[in-house]
Amino acid sequence: MADQLSNEQISEFKEAFSLFDKDGDGTITTKELGTVMRSLGQNPTEAELQDMINEVDQDGSGTIDFPEFLTLMARKMQDSDSEEEIKEAFRVFDKDGNGFISAAELRHIMTNLGEKLTDEEVDEMIREADVDGDGQINYEEFVKMMMSK
């Protein structure tokens, strides 16, 4: 399944993997998964985290390595983001609930994920998704961006 991914997708997923793999040891533990999920406003229990890891942990190590992560991402892309997941993600980004994701909200989320972005990088991300040019991302623009990934 992971062999259907392009090199660009693999390198994007490698970047995402490093965000999760806080200590850089090449595996994602339940603790690391929990940290990332909490920074995104989720509050999973230890058992839920273990279930998530067990779902993709093919070698029974109790952690997720990069090949397992790729398989998970390929699977996720196949049953493509359901509308509910996209709505949920939009709500996480849209901190003040006004129906738009501003540069400040985007920067806040990315910083929580451990991504230190310059103002230029954040503005560039907004510009890429901002179809109507109002300087922020509305729900329709967000859906388009998520579907084109």
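Each position is counted from 1, following the chain as shown.
For all residues, glycine too, the Cβ spot is worked out from N, Cα and C.
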Binding-site annotation, Swiss-Prot, Ca(2+) 3: partner of Asp94, Asp96, Asn98 in Glu88, Glu105:
Glu105
Consider the binding-site residues Ser61, Thr63, Glu68, Glu105, Gln136 and say which one has the Cα lying nearest the Cα of Glu32 (Ca(2+) 1 binding site).
Thr63
Given the binding-site residues Asp59, Thr63, Asp94, Asn98, Asp130, Gln136, which lie within 10 A of Thr27 (Ca(2+) 1 binding site) by CA-CA distance?
Thr63
